[in-house]
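Heads up: the structure comes next, in structure tokens.
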């Protein structure tokens, strides 16, 4: 080189360094995480398939279809996500019809066992929504007939719709939630989804009762309201009795309270919607 230096453009030279094999090198492959998060990742399909809705973190109300009682962990704040409740609405019409049919036979007391692994909220939602409009429309029609028979002026009462919505939506949410808290206090196995499903289907009997209340006979209306209230109350009380018995000696009071509160719903419908004053 004799004192001369050769300038090398480092940006144009690519150095290739061969890899040196390491006999102690260990290849580690990380498997995909399978943590259970809320909401659960379930396959799409009808409710009678393998998809299962998320359960309460400490839900021992009933065993799952696979017989697993493991707790499912997740972020509680995702309960406010609409996707969290999608499995509860993934249900076939045949399943809803079958559960409605079961609610018309209140003395069997096996409804909870049939919905233990796959409770739905689709049926309860539409039952309540239908009840709201049926109750308001039939109540309006009854008052219309009463005024027309006596040749008096009739005015539509919009409060019937708002009152019916507040009654049914409020009842189907507040009562199961309150019962869930009470059962947890007494350490009784309970699941909120199962309670919502049970109470929702228990209201179906009031649909035919409301239609029959068109008959302008006061004693007949009281009879219809009483029978519907008794059947609905028996359906809820008998299905919950086996689970509430673990509360100890006070289980009689809890079951009696459930029965009377459900029966009072039928009386309230009669007093407000079908007591016509002209």
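Cβ coordinates are placed from backbone N, Cα and C, and glycine is handled just like the others.
Nobody curates TrEMBL annotations by hand; they come from automatic prediction.
As annotated by TrEMBL, region 'Disordered' applies to 45-69.
Under the heading compositional bias 'Basic and acidic residues', TrEMBL lists 55-69.
Annotated domain 'Yip1' per TrEMBL: 109-268, in sequence order.
Counting residues 6+ beyond its ends, the transmembrane segment (121-146) has Cβ neighbours under 8 Å at 85, 88-89, 91, 96, 99-100, 154, 156-157, 160-161, 164-165, 168-169, 172, 193, 196-197, 199-201, 203-204, 206-207, 210-211, 213-214, 216, 269, 272-274, 276, 278 in the same chain. Residues annotated as transmembrane segment in TrEMBL: 121-146 (among others).
Per TrEMBL, transmembrane segment is recorded for 166-183 (among others).
Nonlocal intrachain contacts for the transmembrane segment (195-216), taken as residues 6+ away from its ends with a CB within less than 8 angstroms of a stretch CB, comprise 99-100, 102-104, 111-112, 115, 119-121, 123-125, 127-128, 130-131, 134-135, 138, 141-142, 145-146, 149, 168, 171-173, 175-177, 179-180, 224-225, 227-228, 231-232, 235-236, 239-240, 262, 265-266, 269-270, 273-274. Among the features that TrEMBL reports, transmembrane segment is placed at 195-216 (among others).
The annotation transmembrane segment is assigned in TrEMBL to 222-240 (among others). Sequence-distant contacts of the transmembrane segment (222-240) (same chain, at least 6 residues past either end, Cβ-Cβ under 8 Å): 103-104, 106-112, 198-199, 201-203, 205-206, 208-209, 212-213, 255, 258-267, 269-270, 274.
Tertiary neighbourhood of the transmembrane segment (252-273): same-chain residues 135, 138-139, 142, 160, 163-164, 167, 171, 175, 179, 182-183, 186, 202-203, 206, 209-210, 213, 221-222, 225-226, 228-230, 232-234, 236-237, 240-241, 244, selected by CB-CB distance under 8 Å and a gap of 6+ residues from either end. The annotation transmembrane segment is assigned in TrEMBL to 252-273 (among others).
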Per-residue pLDDT averaged over the domain 'Yip1' (109-268), given as an integer: 87
